[in-house]
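This report refers to the structure that appears directly beneath it.
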Amino acid sequence: MALGSSAPEILLSVIEIIGRGFKAGELGPSTVVGSAAFNLFMITAVCVSVLPGEDIRRIKHLRVFAFTASCSVLAYVWMYCILSVFSPGEIEVWEGIVTLLCFPGMVGTAFAIDVKMNFYRFIRKKIRKTKKNGHTVVQTGDGDVLAIAVKDGNQENNDKNHVDFDKDIELLAFKSGDDPEQHMNEKKRIAMEAYHRARAKNPDADASTLQHLVEQENLKLQHKSRAFYRIQATHRMTGQGNILRLKTSAEDKKNSKEAALQAEIREMNENVAKAGIKGTCVYFHPSEYTVVESCGTCYVTVVRVGERLFDTVYVDYETVQGTAEEGSDYEPAKGTLCFAPGDNSKTISINIIDDDIFELDEYFHVQLTGIRSENGKGDESTALGQPDKAMITILDDDYPGVFTLEHEKFEVMETVGMLTLRIVRLIGARGIIRVPYHTEEGTAKGGGEDFEDIIGEIEFNDEETVKTIEIPIVDGEEYEKHRVFNVVLGEPKIVHFEKTHISNLDTIENEEMRRILEAGKPALGEHKRCEVHIVECKEFKNTIDNMLVKANMANFLKSSSWMEQFKEAFEVEAGGDDEDEDGSGEPVEPSYFDYVMHYLCLFWKVFFALVPPTDIWGGWGCFVVAILMIGLLTTLTGDIASHFGCTVGLADSVVAISFVALGTSLPDTFASKVATINDETADSSIGNVTGSNSVNVFLGIGLAWSVAAIYHAANGDKFEVDPGALGFSVMVFCVEALICIGIMMYRRFNPNIGAELGGPKKARYITSSVCAGLWIIYIIMSSLQTYCHINPGF
């Protein structure tokens, strides 16, 4: 981020030093100080008053803000000391290097304070992990919650002792004493509300589309970095539109094209898989048949597919014994099918033998072999497809049957809508039989709460072997669900049945089966009752889990090709809020301001479209080239600023603290304004200003002065810097910075305001006026000293 938002100030300082032969200039250092003043005073003034009504924004990570605010003041105090105290008028090598090393030291310390690393891991030294509702809760020895590990619904981690904080989880920070389970439930509730809103707006959307919409909602709701708001502000200032709406629209178009392409590829692959070759192939369709033994003849269908359907093709077939025996259960069949030009299906006829002997259900097969073309030879143009074997099941028809549910236990998601259960008729299919059924509550409740109660009878006609019953399931859209009810069959009733004589009763070893057959009545089979388990929808749960796992905002900001970048450069998009103003979901039209800013910035948009896309070389190409181009423009800006000051009679230091500082800080101002309105906290708006000011000194001044001091030391001379104008400017800034930070803390702890930003109208206007006044005083005082109207005495 430092090399992003602060790159112009840093590069201006470095380029000026190198361009002047490693001699100190006024433009770079004065721009750093002037930019810091504008950031702290004017950005704060804008953010305090920009909120509507009496809304407020508080800094959430106060420890980090206190540290970076202290660093921002101490950085300029240090700058004053090395200019006017330690070695007046000279920058020594150690001073430059220490200044530069303060940057990684500040970043590391701020990170440690943010995650409480020093406090929890080195003082208490004990961390334990427990499981709550399927999530890993990381706690200290005293029970304070550090984080919750939220597993990604699309992944599994078999190592119970390992928590991958980079890939599978998101760290959710807690204050001491917070209930992790309550916090997680609140996160789930917010995610589910987003899901319901997306579903209400798009009732006809399928699961994948709905998940994509919820992911967009997640991106709008999740915390965004300072970098995102700076990019968002730049897009709106240049007529390039809202980054979220722009990218989601492009992504939707891309996804729809990809989906159509994938469907086309799938269809083509299915045809190729069926054919297996470039010519033609033959297979059974369908491959399973069920007949009663009194049917007389069973007909099996063979089909042909492929490109060469006008060739003559021959294929052999033959019956193969299973549990059914040739001659006693069916008549064996063997022969050759001839597919004439244009024929795409043929039928094989097999005679089924009926008898009065009771038999369990039996089966046999029909096998295809020896496919060949008209010349009697097999070649690459003909082949057997799959399945090349069909199975025929023969049901006995001398008994009314045994009726059973197909499953003893059945799991169904609550989103199924209608649950379908099959009742199967086994060991006979003679007569018309009715089977009663009804539902029984368990942990799942009927009456429309979890399912609809049903009670009724289903009728099997003569030789009918399968029937289905339907039970409405209520979708409660619950994150976790496991409830049970039962479907129960009653005793079958005979509607019509002609009793037949079974000749082999004495040979049946199973006494219970023999007794049932002697009675000649239908009976219930093994599964009289089916236990139905209603569970949560996996897609819904994964969608919510994906919202709990932090989305990667980088995917929204990336680009994959130069063509995409140039197209975006020429496009004009509306720069409104994340949501449509009218809530209609219709695309928002660009305003006149969007068009004006687009054409004013078109040259620069096209120029920076030359930067390599982020997908190339892992983003390093984009980073390096962008920094070089920013450096080029910074050099141009420095020259123009110097010539402008010379033309109108202004000193370089005055131009730097006013016009140049204003230009480099303007994007940050818009970014802070957007962050203030859209974020729930003030961290991204003013919390990062103090950090940015520190980085400007430690990295911008530290890098430039370290290089210059080392160069002069190597040449045996001194790196001289006039402390006059710069030293006085730094002193004025430090004093006013303490006043501004004090005002922010007073607003936070004042019960009538209670926050750094927003609040009562009178308080916010007074605060904004004071902060703006501090910036004006800084400009006036620094200018007066530059023109020798004030003599600071150093």
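Every residue, even glycine, has its Cβ placed from backbone N, Cα and C.
Given the ranges 595-614, 695-714, the record in TrEMBL names 695-714 as transmembrane segment. Residues 3, 7-8, 11-12, 15, 19, 558, 607-608, 610-611 of the same chain lie 6 or more positions beyond the ends of the transmembrane segment (617-636) yet place their CB under 8 Å from a CB of it.
Residue counts for the domain 'Calx-beta' (271-369) under DSSP (helix as H, G, I; strand as E, B; rest coil) come to 5 helix, 52 strand, 42 coil. Note: the stretches the transmembrane segment (765-784) and the transmembrane segment (32-52) are in contact (3+ CB pairs below 8 A, sequence gap of 6 or more).
Applying DSSP to the domain 'Calx-beta' (390-490) sorts its residues as follows: 3 helix, 57 strand, 41 coil. Nonlocal intrachain contacts for the transmembrane segment (726-745), taken as residues 6+ away from its ends with a CB within less than 8 angstroms of a stretch CB, comprise 26, 29-30, 33-34, 36-37, 40-41, 44, 69, 72-73, 76-77, 79-80, 83-84, 653, 657, 686, 690, 756, 767, 770-771, 774, 777-778, 781-782, 785, 790, 792, 794.
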